Structures are given as structure tokens and as C-alpha cells.
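S.K.: I have a structure here, written as C-alpha cells, and I will follow up with some questions on it.
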Amino acid sequence: MKFELLFGVLLVTLFSYSSAEMLDDFDQADEDELLSLIEKEEARAKECTPRFYDCSHDRHSCCRSELFKDVCTCFYPEGGDNEVCTCQQPKHLKYMEKAAGKAKKFGGKIKKWFG
């Protein structure tokens, strides 16, 4: 009985040690993968297209506003056959940014009042 108990404790100890090493290996692999993704994103980043400028060359190049990224919107001007694309902020996002700004400002006042 003592031998079985000792063998069981040894087996559990070895199993926990090996699983801890495997988790460390997985954590290291996740960190390496995350760093490589960040490096790729930085290398991929280029100049963004400002609001109301032509974005037909790259429809995903619009700049970010305070909270949201602008959207490349395409349309046909009146009496024209050529499609025109510009970076614009959708109205619902514009209103959400205004509301967030007012909420932040109001939150600062409440914090100031109640210390």
C-alpha cells in the first residue's frame, strides 16, 4: 500500500511538472506570435487618407477619428459617369463621438464635485 501511494505521488508530481513545462512552451509561442503580428502591422502601416480626400486607390486607408475609423464612401456625382470615393465619417459614429465627449466631460465634473 505504501509503495502504491509513493508511486501515485511520484506520478502526479511528474505529470504536473511536465504539464507546467508544456504551458510555458505554449505561453512563449503565443508571445512570439503576438510580437510577429505587431511587427507585421507596423510594417504594413502607411500614411492614412484624411477625411474628404480621395480613397479610391486604397479603400482601407482612411484615418481614424478620436474613437472610430473613417469609412471610404463611393458615389457617382450628379451628371457624371465616374465613381468618386472619399473618406467620410458616418453620421451615427459622429453622434456617438459627440455623446462620448459630453459623457467624458460630465464625468469629469462629477468627479470634481465629489472628489
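Glycine too: its Cβ is placed from the backbone N, Cα and C atoms.
When I checked Swiss-Prot for this same protein, it listed these features:
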- Cys48-Cys63: disulfide bond (DISULFID)
- Cys55-Cys72: disulfide bond (DISULFID)
- Cys62-Cys87: disulfide bond (DISULFID)
- Cys74-Cys85: disulfide bond (DISULFID)
- 1-20: signal peptide (SIGNAL)
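For each listed feature, how buried is it and what is near it?
M.R.: Of all Cβ atoms in the protein chains displayed, 17 besides its own lie within 10 Å of the Cβ of Cys48 (disulfide bond). The DSSP secondary structure for Cys48 (disulfide bond) is coil.
In this structure, Cys72 (disulfide bond) is part of a beta strand by DSSP. Remark: Cys72 (disulfide bond) has Thr49, Cys55, Ser56, Arg59, His60, Ser61, Cys62, Cys85, Thr86, Cys87, Gln88 as non-local neighbours, by Cβ distance under 8 Å and separation of at least 6 in sequence.
For Cys62 (disulfide bond), other Cβ atoms within 10 Å of its Cβ number 23.
Note on Cys85 (disulfide bond): other Cβ atoms within 10 Å of its Cβ, all shown chains, come to 18.
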S.K.: Long-range same-chain neighbours of Cys74 (disulfide bond), Cβ under 8 Å, sequence gap at least 6?
M.R.: Ser56, Arg59, Glu83, Val84, Cys85
S.K.: What residue among the disulfide-bonded residues Cys55, Cys63, Cys87 has the most other CB atoms lying within 10 A of its CB?
M.R.: Cys55
